């Protein structure tokens with residue numbers, strides 16, 4: 001342990017100051033508790049909760065968490081609701097394979113744009129209204145399924161329902177107003193993972209609802225349309241709950257949120273510039289397209305695949321497909337945990353290796369899934385594939401916070417967009433054409449995952465190294481994070497938060513932290 | 001010794017069972033049944049409304065005893081080639097256990113070898129039959145429910161006597177109305193909440 005007094009890291013034992021931490025509560029000396037506040041949970045000076053108590057519904061913090069993740073879950077349910085019912089829908093609407101594939105592409109493309117707008121909406125109206133607006137305005141698009149009569153209508157409606165996935169942004173934004181930044185990583189990671197589970201739950205829910213409606217006497221071609229009312233009602237119910245039970249801030253006051261300065265203090269063009277000129281942003285956007293992207297693609301194709309290939313009943317295929325998405329419950333947090341563990345031992349190089357290993361294994365299991373000829377092997381390979389891909393998602397967000405301090409928001413957004421883009425691309429290339437079968441498509445997608453994960457070997461952090469190269473001795477964390485500010489800005493002292501972050505990020509050196517004793521009075525040269 | 005015999009006997013039984021329940025290839029079946037269907041080439045029928053009727057009989061050019069194993073005749077509605085394009089879930093495969101050409105069961109009738117007359121069938125087109133082009137095929141099954149012969153209303157190339165069925169859309173006026181009502185409720189309740197809260201906010205400031 002560092003014994004030199006005042007040396008960086010000595011007073012910050014255990015605290016890393018980065019977003020993706022997996023601690024669930026912050027002890028008092030680090031972040032002082034505001035004892036005057038009367039909340040169910042201990043809060044800091046901004047009244048944000050310092051503790052993440054999962055099974056509590058305490059107002060407003062935990063209540064916000066549950067409202068938020070369930071809204072996101074609901075949007076996943078409605079976006080992927082058509083997937084397990086495709087065997088019925090394709091007969092009703094006389095769809096070809098290309099139509100089915102294009103609808104899948106459409107369902108994930110809409111949110112690329114809506115997520116960008118959502119950030120602005122949350123800034124203007126607050127996350128509570130952002131979430132409620134989106135979820136209640138997309139409810140009519142879900143109900144619209146009952147009008148669809150041909151391929152064009154089907155594709156259009158799935159595109160519009162896909163807009164609702166922007167609740168991801170309102171979800172994360174809302175949590176950041178309610179939870180202290182030291183635990184926000186776990187909170188946001190859990191909310192994202194549990195929301196993603198909706199893609200799995202829907203494969204279970206929709207066939208069951210469809211069966212039930214059919215047994216009540218409806219013909220198949222009507223029953224699936226009625227089944228879509230369920231996700232539609234969920235939208236309306238969650239929207240009303242969010243409006244009545246939710247609040248924007250711990251203190252309940254929206255106006256204060258805007259006065260406090262959620263208005264960006266930094267210039268947008270600068271922030272955007274530093275995001276897009278950092279090559280790591282693009283590498284991780286590509287990588288996320290082949291972890292989150294293939295997860296979304298598989299949510300869209302897997303139920304139909306099992307139904308056709310193994311001649312299963314609709315609800316049996318649904319149960320198997322559901323286990324793919326439901327693995328998110330543990331797989332994504334596991335990925336983040338594995339990344340943190342590797343960081344403790346090997347620093348950032350460990351994180352990069354962990355990501356490469358998890359994502360490549362996911363790709364290998366995807367190849368196996370496509371080649372599997374018997375049901376038990378197919379299910380086994382699918383589950384292993386899901387763990388690999390979803391853990392890789394978690395591991396990706398273990399690295400993202402370190403790419404840049406100044407442009408973290410935009411980089412996270414671009415990465416997320418890369419995920420959806422990868423999903424659209426893989427569906428278009430592998431699952432929309434009759435040139436090869438779905439099983440061949442799965443194997444080819446697996447091969448592409450392995451290939452597109454290789455760029456992670458190119459990611460080099462000068463202060464920490466890369467997968468194959470050690471760190472350079474001259475460049476420190478301060479140097480790296482301060483390089484995002486120009487001379488003028490540094491003169492004005494705008495780079496202070498980056499300096500602080502650099503300080504805390506020394507944990508990414510792995511076991512070398514203790515030996516990294518720089519003299520306490522050195523100011524980094526710029 | 002007895003155990004040894006038991007093993008051999010069970011192995012033999014399994015082999016015989018495999019022969020019985022093994023893969024049946026369509027190309028191995030003989031076309032011994034003559035099947036006709038009432039719809040003419042290019043005719044369009046409505047599901048839920050129209051009926052398909054037809055006849056089937058054993059073709060007399062085959063030697064006596066060909067039909068000794070036939071126990072049941074099942075008539076099925078099969079997709080024509082044009083409705084199989086770009087739709088791998090309707091693909092024709094030689095292995096009958098994997099073949100997806102004939103997905104809609106029409107009628108099943110017991111086969112009586114003694115009765116050599118022409119049999120007729122009639123079937124109301126069910127409402128879950130999709131929009132496509134079809135022909136009719138009859139499979140003869142033996143006592144183990146394995147296909148042993150077939151007949152179809154079209155030629156060997158599956159290009160003649162094809163008819164179209166127009167499916168129901170599945171839409172209902174009541175569904176449409178319910179859909180519009182719930183959508184309107186969603187948008188209106190959002191608007192009402194927003195308005196009420198804005199007004200409360202204004203009155204609080206005053």
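Note that Cβ sites are derived from N, Cα and C of the backbone, with glycine treated the same way.
As annotated by TrEMBL, domain 'Major facilitator superfamily (MFS) profile' applies to A:64-458.
The transmembrane segment feature in TrEMBL is assigned to A:67-89 (among others).
According to TrEMBL, the feature transmembrane segment maps to A:129-148 (among others). Listed by sequence, the residues of this chain that lie at least six past the ends of the transmembrane segment (A:129-148) yet keep a Cβ under 8 A from its Cβ atoms are 68, 71, 74-75, 78, 81-82, 93, 114, 118, 121-122, 154, 157, 160-161, 163-164, 166-167, 169-171, 173-174, 225-226, 228-229, 231-232, 235-236, 238-239, 242-243, 246, 248.
Positions annotated as transmembrane segment by TrEMBL: A:154-174 (among others).
Taken from TrEMBL, the feature transmembrane segment applies to A:186-206 (among others).
What TrEMBL lists as transmembrane segment is A:226-250 (among others).
Proximity of distant same-chain residues to the transmembrane segment (A:271-292), defined by a Cβ-Cβ separation under 8 Å and at least 6 residues beyond the stretch ends, is recorded for 264, 355, 359, 362-363, 389-390, 392-393, 396, 399-400, 403-404, 406-407, 409-411, 414-423, 425-426, 448-449, 452-453, 455-456, 458-459, 484. Annotated transmembrane segment per TrEMBL: A:271-292 (among others), in sequence order.
According to TrEMBL, the feature transmembrane segment maps to A:312-331 (among others).
What TrEMBL lists as transmembrane segment is A:352-371 (among others).
The transmembrane segment annotation in TrEMBL covers A:377-403 (among others). If you look at the transmembrane segment (A:377-403), the same-chain residues 6 or more away from its ends with a CB under 8 A from one of its CBs are 18-20, 185, 189, 193, 196, 278, 280-281, 284, 287-288, 291-292, 294-295, 298, 302, 306, 309-310, 320, 323-325, 327-328, 331-340, 343, 348, 351-352, 354-355, 358-359, 361-366, 368-369, 411-412, 415, 446, 449, 461, 505, 508.
Summarising the annotation, TrEMBL assigns transmembrane segment to A:410-430 (among others). Same-chain residues lying 6 or more positions outside the transmembrane segment (A:410-430) and placing a CB less than 8 Å from one of its CB atoms are 101-102, 104-105, 108-109, 111-112, 115-116, 119, 165, 168-169, 271-272, 275-276, 278, 281, 284-297, 300-301, 396-397, 400, 403-404, 441-442, 444-445, 448.
Marked as transmembrane segment by TrEMBL: A:442-461 (among others).
The annotation region 'Disordered' is assigned in TrEMBL to A:496-526.
Residues or ranges marked as compositional bias 'Low complexity' by TrEMBL: A:514-526.
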Positions whose Cβ lies under 8 angstroms from the transmembrane segment (A:442-461), at least six residues beyond its ends: 279-280, 283-284, 286-287, 289-290, 294, 297, 301, 305, 348, 352, 355-356, 359-360, 362-371, 385, 389, 402, 426, 430, 436, 467-469, 471, 480, 508
For the transmembrane segment (A:312-331), sequence-distant contacts whose Cβ falls under 8 Å of one of its Cβ atoms, 6 or more beyond its ends: 80, 83-85, 87-88, 193-194, 196-204, 206-208, 210-211, 295, 298-299, 302-304, 306, 375, 379, 382-383, 385-387, 390-391, 394
Overall pLDDT for the domain 'Major facilitator superfamily (MFS) profile' (A:64-458), taken as the rounded mean: 91
Distant-in-sequence neighbours of the transmembrane segment (A:67-89), which means Cβ under 8 A and at least six residues beyond its ends: 95, 100, 103-104, 107-108, 111, 131, 134-135, 138, 142, 145, 154, 158, 161-162, 164-165, 167-168, 170-171, 174-175, 190-192, 194-199, 201-203, 205-207, 210, 220-221, 223-224, 227-228, 231-232, 234-235, 238-239, 241-242, 245-246, 299-304, 307-308, 314, 317-318, 321, 325
